[in-house]
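Quick look at what Swiss-Prot annotates:
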type     : residues      : note
DISULFID : Cys65-Cys71   : disulfide bond
DISULFID : Cys69-Cys78   : disulfide bond
DISULFID : Cys323-Cys356 : disulfide bond
DOMAIN   : 56-92         : domain 'LRRNT'
REPEAT   : 93-114        : repeat 'LRR 1'
REPEAT   : 117-138       : repeat 'LRR 2'
REPEAT   : 141-163       : repeat 'LRR 3'
REPEAT   : 164-183       : repeat 'LRR 4'
REPEAT   : 186-209       : repeat 'LRR 5'
REPEAT   : 232-253       : repeat 'LRR 6'
REPEAT   : 256-277       : repeat 'LRR 7'
REPEAT   : 280-302       : repeat 'LRR 8'
REPEAT   : 303-324       : repeat 'LRR 9'
REPEAT   : 332-354       : repeat 'LRR 10'
REPEAT   : 355-370       : repeat 'LRR 11'
SIGNAL   : 1-15          : signal peptide
Amino acid sequence: MKVYVLLVFLTLCSAKPLFHPSYLTLKNLMLKDMEDEGDSDADNSLFPTREPINPFFPFDLFSTCPFGCQCYSRVVHCSDLGLSSVPSNIPFDTRMVDLQNNKIKEIKENDFKGLTSLYALILNNNKLTKIHPKAFLTTKKLRRLYLSHNQLSEIPLNLPKSLAELRIHDNKVKKIQKATFKGMNALHVLEMSANPLDNNGIEPGAFEGVTVFHIRIAEAKLTSIPKELPSTLLELHLDYNKISVVELEDFKRYKDLQRLGLGNNRITDIENGSLANIPRVREIHLENNKLKKVPSGLQELKYLQIIFLHSNSITKVGVNDFCPTVPKMKKSLYSAISLSNNPVKYWEVQPATFRCVLSRMSVQLGNFRK
């Protein structure tokens, strides 16, 4: 018996400390995020080196922490607790608050009062229907706000001017008001897919003065490409909408665009010359549409490397549809051309058609099924 007890004791003493994987993963992600962001604050680090983390005690056991939550290195982790409201006693020096997967219905005026160092706020997958106009009055350093999978009917007004990334995917937003992003010069990423937004819901001037680089409005009710999005766009994703035609003037405003997503729409025609307005584009998604031919102008896009055209109604591929006809024209080699699941007879496609691809593995043909 004594030997058994001794063995158990030795086993417990030699056991490694228990870490929850999500804590360390979350910390690493936020560290990388802060490095990428290049925050110019005097206190640049989310996990300051002057407060080293003891691997045997990953949580700060002595500071104030909301009941049921876990606090460590200026991160307050309160997800998956069934909370119906934002907890009190969040430390004032908190940099990140994780409240996802709860049952919070409302953000009140003082829920985040005094959190002047808050950098990221995660409220995904709650039941939010209302956010007080003054809820973010003191969070002047907030850079990332995640509100996806809630029941918000509009984008909150009076968001912090410091915000760089807003994700409000899968809500009930039908309108983007003119004043929504006023003064938000730091906003670079806007993700608002899976909202019942149509073209009339984007008020004229809604994006005036903002320098957004990435916008995703997929799974919405758009019937055409919005023409008044920021001219600074590098990525535009409008997949899973109801767009039927790409008109000549649709991309005239977006000359710096590098990635374009128009997959899973109803596009039957791309007007000649329309793609010439995005000369810097590198990747185009047009899969799962109703195109009957390869869009014209691809051979003139010297930076284009990826083009997805699978699952359309393309019956013919010309020898000059993808590659330049001018021998001296320098063009990036294609790393992916997807033409699979089209009624084109692949044995009729001339080998010279793909003379500007990286390798034959870069081309996908065949597998058409009626």
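Placed from the backbone N, Cα and C atoms, the Cβ positions cover glycine too.
Just so it is clear, the model here is predicted, and its values are computed rather than measured.
Where Swiss-Prot records a feature, it is marked here on the structure.
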residue : record         : CB count, 10 Å
Cys65   : disulfide bond : 21
Cys69   : disulfide bond : 19
Cys71   : disulfide bond : 20
Cys78   : disulfide bond : 24
Cys323  : disulfide bond : 18
Cys356  : disulfide bond : 18
Task: Cys78 (disulfide bond) and Cys356 (disulfide bond), Cα-Cα, nearest whole angstrom - done: 52
- [ ] Looking only at the repeat 'LRR 7' (256-277), report the model's average pLDDT.
- [x] 98
Task: Close approaches to the repeat 'LRR 5' (186-209) from elsewhere in its chain (Cβ under 8 angstroms; 6 or more beyond its ends) - done: 143, 148, 155, 161-178, 180, 215-224, 226, 228-230, 237, 240
- [ ] Give the residue counts of the repeat 'LRR 9' (303-324) per reduced DSSP state, in the order helix, strand, coil.
- [x] 0 helix, 3 strand, 19 coil
Task: Sequence-remote partners of the repeat 'LRR 7' (256-277) [C-beta within less than 8 Å, at least six residues beyond its ends] - done: 216, 218, 231-250, 283-292, 295-298, 300-301, 303, 308
